[in-house]
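Notes to accompany the following structure.
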Amino acid sequence: MRQKSNNSIKISIFSIAFVLGLNITGVAPILGMLDVAFKEEGANAVQTLQTIPYFLLMVASILVGWLVTKISKRKIVSIGLLLIAFVGTSPLLIDSFSFVMISRVLVGFGFGIISPLNAAIISDFFDGKDRAALMGLHVTGMGIGSIFINIVGGILGNFGYQKYFLVHLIALAAFIIVIYQLPDTGAQTQSATQKLKLNKMVFELSLISFFHTLFITAFMTNIATHILQNLNGSSALTGIVTAVQGGFALLVGFNFSRISSALKRNTLPFAIFAAGLGYLSVIILPHNILGIIFGSACLGISLSCFMAQASYIISVSVPQISIALANGVFAVIGGIGGLLSPIIINNLTNYIFKNISTNGVFIICAIGMFVLSICSYILVIIKSKNAKEQILN
């Protein structure tokens with residue numbers, strides 16, 4: 001009976017993560033079509049549709065930490081999923097740039113609600129290796145969801161850009177799963193041992209996430225140009241490289257429990273070091289497709305391993321009642337790193353190399369990742385030493 005209950009919870013966790021694939025993909029598959037449909041708005045305004053959900057996502061990610069003390073997690077997630085389903089699909093009804101923009105802003109609130117809560121739900125029902133495995137499942141679900149949405153959304157987009165927004169109906173399917181499969185644990189109440197507060201570890205991990213996302217985003221925004229300039233490659237070749245990254249991210253997600261058990265406290269430094277190794281491969285072999293594919297694989301490993309391990313560390317570092325808030329803060333600060341990445345990295349590259357080139361960008365990111373991996377290793381050593389001293393005392 002317990003096994004059946006656990007399986008139901010796992011299905012719910014996976015379905016929520018799958019919907020988060022919508023947030024990763026955004027409107028990327030139809031940006032070209034939107035550019036044509038709303039050419040009078042300008043390319044910059046159209047591209048904003050991809051990132052605009054993040055503003056309300058930040059608000060919701062912080063707000064949800066307080067909401068869990070008033071409403072049960074199942075009800076909050078259900079509200080978020082319904083918001084994504086109906087608001088996300090609404091551009092199907094009205095062919096208007098302003099309407100699409102408003103819907104994209106509002107759908108960000110839904111993503112902001114469900115994103116930090118999935119890690120909190122995992123922590124409610126699972127401990128130890130099971131919790132680590134479920135954090136991996138969360139990352140895997142997002143990756144599979146993103147792949148599914150890219151494929152299905154691309155097919156729907158062939159019938160017109162408005163049809164693409166039908167992919168948001170997967171949130172309605174997830175809503176039904178959550179209602180019937182996820183137990184309702186009620187609102188969390190504060191007590192002497194369960195207070196809504198964050199500790200130093202949350203902010204240290206969030207700062208590391210800021211820089212990790214800052215550097216790793218540069219690969220995603222520059223690899224297509226790098227392939228075009230160094231290999232005379234097409235978008236199809238870029239698609240293969242991106243698919244390799246996604247494939248290795250999924251592989252790590254599926255096996256994260258084994259990886260974290262083997263590496264233990266070194267899991268986080270390893271995740272960051274893998275990204276540095278990936279960048280180094282692309283720098284040393286810029287004209288070799290195997291070097292670029294190896295680099296892409298390393299960055300996929302880094303992204304998946306980092307997110308799963310950081311979420312796990314947060315879940316065991318704060319009181320149960322604070323996990324949603326802690327994950328919200330972590331997501332917001334890391335996300336800011338992603339938003340600022342093109343501005344910071346490009347300006348830094350131009351300042352150091354006197355021009356902006358993909359090779360210069362990758363050199364800066366490689367150095368940044370290696371330095372960050374050393375800093376994270378020092379952090380885990382200090383934390384481990386402090387933990388041992390507390391036990392002895």
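Every residue, even glycine, has its Cβ placed from backbone N, Cα and C.
Now, the feature entries from TrEMBL:
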- 9-384: domain 'Major facilitator superfamily (MFS) profile' (DOMAIN)
- 12-31: transmembrane segment (TRANSMEM)
- 51-69: transmembrane segment (TRANSMEM)
- 76-94: transmembrane segment (TRANSMEM)
- 100-122: transmembrane segment (TRANSMEM)
- 134-159: transmembrane segment (TRANSMEM)
- 165-182: transmembrane segment (TRANSMEM)
- 202-224: transmembrane segment (TRANSMEM)
- 236-256: transmembrane segment (TRANSMEM)
- 268-286: transmembrane segment (TRANSMEM)
- 292-314: transmembrane segment (TRANSMEM)
- 321-345: transmembrane segment (TRANSMEM)
- 360-382: transmembrane segment (TRANSMEM)
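Long-range contacts of the transmembrane segment (12-31) within the same chain, counting only residues at least 6 positions beyond its ends with a Cβ under 8 Å from a Cβ of the stretch, are 46-47, 49-51, 53, 57, 77, 81, 84, 88, 104, 111, 114-115, 117-118, 121-122, 134, 137-150, 153-154, 157, 161, 164, 167-168, 170-171, 173-174, 177-178, 181-182. Mean pLDDT, taken over the domain 'Major facilitator superfamily (MFS) profile' (9-384), works out to 88 on the 0 to 100 scale. Packing against the transmembrane segment (165-182) from elsewhere in the chain are residues 8-9, 11-12, 15-16, 18-19, 22, 74, 77-78, 81-82, 84-85, 87-92, 103, 107, 110, 121, 145, 148-149, 152-153, 156: each is 6 or more residues past its ends and has a CB under 8 Å from a CB in it. Beyond the ends of the transmembrane segment (51-69), by six or more residues, the same chain brings 23, 26, 76, 80, 101, 104-113, 115-117, 120, 187-190, 196, 321-322, 324-329, 331-332, 335, 339 to within a C-beta distance below 8 angstroms of the stretch. With a threshold of 8 Å between CB atoms, the same-chain residues lying at least 6 positions outside the transmembrane segment (76-94) that come near it are 16, 19, 22, 60, 64, 67-68, 100, 103, 106-107, 109-114, 117-118, 121, 162-163, 165-166, 168-169, 171-172, 174-175, 178-179, 182. With respect to Cβ pairs under 8 Å, the transmembrane segment (202-224) is most closely packed against 321-345, considering the stretches 236-256, 292-314, 321-345, 360-382.
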